[in-house]
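Novice: Among the features that TrEMBL reports, active site is placed at Glu156. Sequence annotations record features per position, and here TrEMBL assigns Zn(2+) 2 binding site to Cys23, His155, His159, His165, Met173. Per TrEMBL, the feature Ca(2+) 2 binding site maps to Asp94. The Zn(2+) 1 binding site annotation in TrEMBL covers His104, Asp106, His119, His129. TrEMBL lists Asp111, Gly112, Asp131, Glu134 with the feature Ca(2+) 3 binding site. According to TrEMBL, the feature Ca(2+) 1 binding site maps to Asp132, Glu134. Residues annotated as domain 'Peptidase metallopeptidase' in TrEMBL: 39-199.
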Amino acid sequence: MASLPVTGELNQETLHKMEQPRCGVADISENSPLNFVTGPRKWPKTLLTWRISTYSKTSKLTEFQQRDAIERGLNIWAKHTPLRFQYQTLGRADLNFKFGVRYHGDSDKFDGDGGVLAHATLPTDGEIHFDDEEMWLLGQEAQSKGAELYIVAAHEIGHALGLDHTKVQGALMAPMYVYSSNLQLHSDDISGIQFLYGKRFSRRKSFWWFLRK
């Protein structure tokens, strides 16, 4: 669990990890030879639509703030890949974000404040769900309480794009939630997502290659 050594004992380190807020997606096998692990599927296209079907009903964040946080979470992955994301307000989107409590329409119920913050499904299901009993915040306010929506959204989007949890501490795709005032993808996150979708296409490099031809 969470890269802890298997000792068979319930020690303080294990108890501390169990008390940390985390993602609800199951951890990878400790026997995996890779740090980053990709799921069995990926999206067969690079332009993905997204929408928020249910906004938070308990957060003090406005709908605009919630949408902006999720959009920034999408962009952190687009920065390193050919993936692009298009927002839509109606109809079925590739990625569906929603807030819910306890039993909220799937087989994995939420557990209330603390514990599991959110979960997501692998491609091409595209479901990303947030526990609406959490205190969702943005920026420095989330440093000492609650959970930063942007960080959690970015992590869950990684799952929805095809990444499992990593064993690398400090990576966005590590299972435990850790606040950061300057969120960046770890090299492990970048290796994983580029393994699935390749590197971001550079128009400038392509242009100079064309001129040299």
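Each Cβ is built from the backbone N, Cα and C atoms, and glycine gets one as well.
All annotation found in TrEMBL is predicted automatically rather than curated by experts.
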Novice: Pull out the recorded positions from the set Asp94, His129, Glu134, Glu156 whose C-alpha sits within 10 Å of the C-alpha of Met173 (Zn(2+) 2 binding site).
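Specialist: So the list is Glu156.
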Novice: Under DSSP, is His119 (Zn(2+) 1 binding site) helix, strand or coil?
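Specialist: Reduced to three states, the DSSP call for His119 (Zn(2+) 1 binding site) is strand.
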Novice: From the binding-site residues His104, Asp106, Asp131, Glu134, pick the residue whose C-alpha lies nearest to the C-alpha of Glu156 (active site).
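Specialist: Closest candidate to Glu156 (active site), judged by Cα separation, is Asp131.
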Novice: Going by C-alpha distance, which of the binding-site residues His104, Asp106, Asp131 is nearest to Asp94 (Ca(2+) 2 binding site)?
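Specialist: It is Asp106, whose Cα lies nearest.
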Novice: Which of these binding-site residues is closest to Asp132 (Ca(2+) 1 binding site) if you go by CA atoms: Gly112, His119, His159?
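Specialist: Result: the closest of the binding-site residues to Asp132 (Ca(2+) 1 binding site) is Gly112.
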Novice: Using only C-alpha positions, which one of Asp106, Gly112, Glu134 is spatially nearest His159 (Zn(2+) 2 binding site)? These are the binding-site residues in the record.
Specialist: Asp106
Novice: Identify, among the binding-site residues His119, His155, His159, His165, the residue whose Cβ has the fewest other Cβ atoms within 10 Å in this structure.
Specialist: His119
Novice: Quick check for you: of the binding-site residues Cys23, Gly112, Asp131, Glu134, His155, His165, which have their Cα within 10 Å of the Cα of His119 (Zn(2+) 1 binding site)?
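Specialist: If one measures from the Cα of His119 (Zn(2+) 1 binding site), the binding-site residues that come within 10 Å are Cys23, Asp131, His155.
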Novice: When you measure from the Cβ of His104 (Zn(2+) 1 binding site), how many other Cβ atoms are you left with inside 10 Å?
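Specialist: Counting Cβ neighbours of His104 (Zn(2+) 1 binding site) within 10 Å gives 16.
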